[in-house]
Amino acid sequence: MDYLKIKGGQKLSGSISISGSKNAALPLIALSILSKKMVEILNLPDVVDIKTLIKLLSNLGANVDFKDPHSCFIDTNFINSTKATYDIVRKMRASILVLGPLLARFGHCEVSLPGGCAIGARPIDLHLSALEKMGADIKIKDGYVIASAKNGLVGANISFDKITVTGTENIIMAAALAKGKTTIINAAKEPEVVILCEILSKFGVKIEGIGTDELVIFGRDKELLEIDKIYVIPDRIEAGTYLCAGAITNSKITITKCEPKHLKAVIAKLEDMGFSFEIKGDKITILPAKQIKPIEIVTTEYPGFPTDMQAQFMAICCIASGVSVIDERLFENRFMHVSELLRMGADIKLNGHIATINGKNLEGTDVMATDLRASSALVLAALVANEVTKVHRIYHLDRGYENLEGKLSNLGAKIERLKEND
Ligand code: UD1
């Protein structure tokens, strides 16, 4: 198993480029199930979660051919099984994204229940009840969702009680091949949902309300799509994480190949902390603050402040000059990084979903990664801690950050990947 050894206290400088978005790429890979043509996907991030979903599709019989680590061809005409087994789904909850497309194309599928995960129970009840409303028969047996729609799915009016990103994506893909019109009320508006809709509409699925919380999808009654090429948008969470690396070290760095309009809430909060920005095309430069000020953050759905950036901002709050408050509204157990930051000397008090952070200096020590974004917060904290921090269990980071240590080294950080027992 690998760990990261980081020597804190280095200023960063220079520029790095942002990879394709993991959370956008996952539904786009699942979308290939709806295509009768071989799909080429470009700008894939080279991260473990992508490989996990590709493995799932290969296990179903799809032909996948990687041209290079960032682009592949997927031919789903060879699919001969519609069972997504536990051994893969347990590795990544987002595997549930194959449920809607498999059911829509083949009229039946079995997908293992994802189970619990580090950041809370994360149920899939909203995905299932929406598919039932579209005519699917759903049973839960031996830990599997067994779904069938022998005569195909039919359009329906769906109103989500909670905004769900992968739930919206699943239903959009199911609705694309359903018979008739599906309306999704209270749909997620994340850029990852928008790009999925844009690609579907480019390839012949009429969708109204793209980018709003009410989508109307006109289903093609089982007629498969002819998707040839898909380009994955830049990863706004990876981009935000590197802006936080610039912020926590109070350095001037530039990120390139990003989409500034997806980062408005993150940039606004960093401005509140005293940082300023130069934004030109797909480049963002963060400029140091005179003093890193404390802030208040409430996580919410897009375009609000993303829960996927909460841990990284908490790392900055740990060294800000004053008391910050972070209110985590989306997930009930997304403070796993707190106990590790406490080990680094942070002053954080937790009260339910609210964390109060009193800024002070951090100390290097051994810490353990617990989930994807929590792990990146520990790396950020280590960049400014006294002496050396070792971040263990970094397989969590490898799920979603491409070459994190390489990119941070390019910016001048003293960071190396080592094997446990080295
Ligand atoms: C996606 C993102 C994840 C991000 C999250 C919130 C991907 C692959 N993952 O996860 O990085 O942190 O959005 O922005 O895109 N809920 C239910 N029932 C359901 C579905 C969701 O109660 O059937 C609840 C969840 O427990 C949570 C909230 O709704 O409290 C939002 O979850 P959701 O948007 O579904 O998260 P994911 O799509 O899993």
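From the backbone N, Cα and C atoms, a Cβ is placed for every residue, glycine too.
All TrEMBL annotations are machine predictions without curation.
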Fill in the blank from the handout: Per TrEMBL: UDP-N-acetyl-alpha-D-glucosamine is bound by Arg122, Pro123, Ile124, Asp125, Leu126, Asp308, Leu330, and from Arg93, Arg105, Arg343 the site also lists Arg93
Handout entry: Where Asn23 (phosphoenolpyruvate binding site) falls in three-state DSSP terms
Key = helix
Exercise for the section: From the binding-site residues listed here (Lys22, Asn23, Arg122, Leu126, Asp308), select those whose CB sits under 6 A from an atom of ligand 1. Expected result: Asn23, Arg122, Leu126, Asp308
Completion exercise
Here the Cα-Cα span from Lys22 (phosphoenolpyruvate binding site) to Asp308 (UDP-N-acetyl-alpha-D-glucosamine binding site), rounded to a whole number of angstrom, reaches 12
Problem - Entry from the binding-site residues list Asp125, Asp308 having the most other CB atoms no farther than 10 A - result: Asp308
Completion exercise
Of all C-alpha pairs drawn from the UDP-N-acetyl-alpha-D-glucosamine-binding set Arg93, Arg122, Pro123, Ile124, Asp125, Leu126, Asp308, Leu330, the farthest apart lie at a distance in Å of 22
Exercise for the section: Give me the Cα-Cα distance between Asp308 (UDP-N-acetyl-alpha-D-glucosamine binding site) and Asn23 (phosphoenolpyruvate binding site), rounded to a whole Å. Expected result: 11
